[in-house]
Amino acid sequence: MTERRDNVSHAPDAIEGPNDGAHAEDTSPGFFSLENLGVAQVQVVGGTLNGFSIGFVAVYILLYEVATNCSLFKTTEACKAVGSYGCEWKDTEVCSWKKECDSDSDGVNPCESLIGYSSLYSGIFASAMIVGSMVGSIIAGKCITMFGLKKSFIIVGVMSVVASALNHISVATNEFWVLCAGRVLMGIGLGVVCVICPMYVNENAHPKLSKVDGVLFQVFITFGIMLAAMLGLILDKTVNYDNDPDMAGRFHGFCAVSSVLSVAMFLVGMFLRESTATFSQDDDGKADGGMDPNEYGWGQMLWPLFMGAVTAGTLQLTGINAVMNYAPKITENLGMD
């Protein structure tokens, strides 16, 4: 009987463990709780802005090709509306180019060289943000150490707003190099974003939700790319070639999405709570509390750095950026409308 009592007396202990764990689990915040959304918002805004900026190039190039293809516009009103893109209404009652077409062109259309950007300009435009992102990712670590995550978000927000303003200026003046300057500046900001968004979540998300919050950045990058593509489809298919096509308005409307996301990034930085982890050094460069940025030497970080570089390099070698930037041209050359 004593043996039985001992067995029974141990039963509550066996039951208490799981109950305690369940109780602890119940006290953790839900995914849609304000506590978790306050952390996850950086992934949502940062990922969407990053994705939209990736999808920006293909749509902008497509719209520019439409705006500079003067032969598409069938009336005087429509032709005059795209006069800033090199079109004019001729005495022959057709909309054509102000510049003389290349009579030595090997293409079917001798004015083909006047439609859209040249191969060189398209390459510069497509690579501008990539160059900026490379610079931004390099300086991100120093930026975080100097300013912390919260101020880094604010700085990125300001840079993104300025870059978006340059996009609108480029549309108004039809200045290619202003557009490229905006893309480089946006790239620098996004290079930092790709570092600070996952880092903020890693440091502040509840352990139960850290993995779910962690994947949101990539999810919303994909959403941003899809958003840009859907807007491009709508803007392209709704052009009225018989009346005022309002191409400048379409460019401004498309760029306005980037502007809204940039302002959202700035506001996120302004109202974001400070990270629970901080980097702190005294005047001699030694840690005086918080996390020590010199805790690990280069030798210890070499393998993780190598793995990160190989993973990122493999992703780029798939050609995803080339496909995203030149998707309309690729499908056009394949005979797909």
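Sequential numbering from 1, following the chain as shown.
Using N, Cα and C of the backbone, Cβ positions are placed for all residues, glycine too.
Candidates Asn7, Asn69 were compared with Swiss-Prot; the annotation N-linked glycosylation site appears at Asn69. Both Pro29 and Gly335 carry topological domain labels in Swiss-Prot, but the labels differ, so the record puts them on opposite sides of the membrane. The largest share of C-beta pairs under 8 angstroms with the transmembrane segment (251-271) comes from 153-173, of the ranges 44-64, 120-140, 153-173, 301-321. Taking the Cβ of Asn69 (N-linked glycosylation site) as centre and 10 Å as the limit, one finds 21 other Cβ atoms among all the protein chains shown. Taking pairs at least six residues apart, the transmembrane segment (215-235) and the transmembrane segment (44-64) share three or more Cβ pairs below 8 Å and count as touching.
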